[in-house]
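Peer 1: Have a look at this one before I ask anything.
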Amino acid sequence: YVVHLDSSPSYSADMAGVETDATHPESMATEEEPLISNLDLFLFTLIAGIVIYWFMSRKKPEPIPEFKKLDTLTATSTRETSFVEKMKKTGKNIIVFYGSQTGTAEEFANRLSKDAQRYGMKGMAADPEEYDMAELSRLSEIENSLAIFCMATYGEGDPTDNAQDFYDWLQENGEEDLSGVNFTVFGLGNKTYEHYNAMGAYVDKRLEELGAKRIFDLGMGDDDANLEDDFVSWREQFWPAVCEHFGVEALGDDSSIRQYELKEHTDLNMNKVYSGEIGRIKSFENQKPPFDAKNPFLATVTVNRKLNKAGGRHLMHLELDITGSKIRYESGDHVAVFPTNDTALVIKLGQILGVDLDSVISLNNLDEESNKKHPFPCPTSYRTALTHYLDITHPPRTNVLYELAQYASDPKDQENMRKMASSSPEGKALYQSWVLDACRNILAILEDLPSLRPPIDHLCELLPRLQARYYSIASSSKIHPNSIHICAVVVEYETKTGRVHNGVATTWLKNKTVVDNGHKSTVPMFIRKSQFRLPFKATNPVIMVGPGTGIAPFVGFIQERGWLKEQGKEVGETVMFFGCRHENEDFIYQEELEEAKKKEALTGLHVAFSRDQEEKVYVQHLLRNHKEDIWRLVHSQNAHIYICGDAKNMAKDVQTAFYEIAEELGGLTRTQATDYIKKLMTKGRYSQDVWS
């Protein structure tokens, strides 16, 4: 309204001026005119038009907010966010929430919800991201209800992406009353990392603080040892405790329970069949931003070169073109890629099971109310499912062996498979040696147990999803805004059975030649933001420790510091500690590092060649050799320390070296030195991007 009211006086003022000029006596004297001149008519029409327009336009904006309101109402009402209502509607009393980054916690949640059925209860697995977690307090409305949380810890003690909102909710809602809510937590972590099982422990502690009742002890799985073993042992004790708590007889039905039913398609339009897309069908042909885990961008490979000059390994540098994608990244972020399985393995699986891999099928959830309609995008062919969607190279978990045992015609094979899935010491030892230590994937198991020939649809139901792989980005967007660089080493080794194991993603990337049979190679990818960031102030010194492919994010860091220098910014010291086996074999990015040193983008370059002399030299030894410089930068100049690479040995040895430097040059005790480094971590001045 204001606009029209403000503008109308200006119109009338202008009109008054025109009318005065038109009726001036001088003009009347010169020429006699009719009573109503053409100009008067024009002005009258104009004024009338303006007044009508004003009244009409006043009323127009009114309905707009109403339409907006209606739109939002319909949007929210169609999205079912109440898990309590869903449980009531479907007669379920157990809900298993999962915080999962690589799919394992989701897998465990599905197994627990299936278990519930075996004990005469009804369970459902749920992604906390899809539901309103503030409903948790209402769970007590359902008799004998229980919330189970399978929570993985990601990065430096962080929640997984899909559990971030739930974590925030737990932190922010101190007044929440969860009394009457029964819960238990199983955490998935890795002892190699500093914050072992931090997320599982936090959820367990926080739920109790908010009044919920823990009905079984926190379980902790260690992926550095045997996560499957930890889970099975916890689960074996958990269910009897649940049955006792609810006064239910612990029957434990041993029969196999199918979650999905097979539908074979014979005359389906191929435009409606998934061919490897992660989310929307035909999304690879018709790309639409924004790009993320459910809608990856198909980036073209523009460079794929071998980095090492010699030696038995293959270290590689790839460049992915993201022009036109609107994808933005920062140095230190991760690029996730969706690999595909080796075609030869897929063909062998089809042959051994005697199936037509090009049959088009759907696996439909028997629970029609479930949010998860299919285990992977359907309809699709067996070939596509085994190539794009299912993990066929990892050793299968015990539940897969247990479910498949019924299809072994040899009673001895059946017995051994069931034994490996049990919690008996003998069974655990057999699973450890025959499956894990021998690195037997599903194909190797089928080859070594000729009596085992399961239906392929049940096998596809049981195999876990093939996950995206994450790599530290080896470039800076300041220099390469339309290109993302990857540095990786191809995984290849011989197993105890004499088979050669090739890493799924690295072998697939290695074969992504720039032009393949006249076609440009592409990689489905998205960006995962990271906390691994250069200091906000460019004047802060930077100490980087990254042996082997751990150099990846530092290539980007060095590029960025060099760019800042070129912009005329004052940049603090930039020091790199790199390590490899031999100077003449695998000193990767040697030219780039030496060039950066020449341009003073890198003020210090220290390289440990571990096997070029009798006694092995690693990056931690070089840190001790330069302890005075390091202590000066850290203690007096607020340097930021960055570690990237192997978590199991290198990261720990490097951390110990920093403790020792703080002890010796800071005059601290070991406890004080440990606290000193821990405080740097808390302040974001000691960051790690490590893997095991």
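Each residue, glycine too, has its Cβ placed from N, Cα and C.
According to TrEMBL:
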type     : residues                                                                     : note
TRANSMEM : 35-56                                                                        : transmembrane segment
DOMAIN   : 94-239                                                                       : domain 'Flavodoxin-like'
BINDING  : 100-105, 152-155, 188-197, D223                                              : FMN binding site
DOMAIN   : 294-535                                                                      : domain 'FAD-binding FR-type'
BINDING  : R313, T549, S610, R611, K616, V617, Y618, V619, Q620, D653                   : NADP(+) binding site
BINDING  : R469, Y470, Y471, S472, C487, A488, V489, Y493, G503, V504, A505, T506, W691 : FAD binding site
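Map these features onto the structure and tell me what's around them.
Peer 2: Its Cβ placed at the centre, R313 (NADP(+) binding site) has 17 other Cβ atoms within 10 Å.
Counting every protein chain shown, the number of other Cβ atoms lying within 10 Å of the Cβ of V489 (FAD binding site) is 18.
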Peer 1: Measure the Cβ-based neighbour count of Y471 (FAD binding site), defined as the other Cβ atoms within 10 Å of its Cβ.
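Peer 2: Looking across every protein chain shown, the total is 23.
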Peer 1: Could you pull the average pLDDT for the domain 'Flavodoxin-like' (94-239)?
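Peer 2: The average pLDDT of the model in the domain 'Flavodoxin-like' (94-239) works out to 95.
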Peer 1: Any idea which of the binding-site residues N190, Q620 has the thinnest Cβ neighbourhood at 10 Å?
Peer 2: N190
Peer 1: Could you tell me which of these binding-site residues, R469, K616, has the fewest other Cβ atoms within 10 Å of its Cβ?
Peer 2: K616
Peer 1: Measuring Cα to Cα across R469, Y470, Y471, S472, C487, A488, V489, Y493, G503, V504, A505, T506, W691, which the record gives as the FAD binders, how far apart are the two most distant ones in Å?
Peer 2: 23
Peer 1: If I take the alpha carbons of A505 (FAD binding site) and G155 (FMN binding site), what is the distance between them in whole Å?
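Peer 2: About 20 Å separates the two Cα atoms.
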Peer 1: Taking the Cβ of Y193 (FMN binding site) as centre, how many other Cβ atoms lie within 10 Å?
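Peer 2: Excluding its own Cβ, the number within 10 Å is 23.
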Peer 1: When the Cα of R469 (FAD binding site) is compared with the Cα of each of the binding-site residues G155, Y618, Q620, which one is closest?
Peer 2: G155
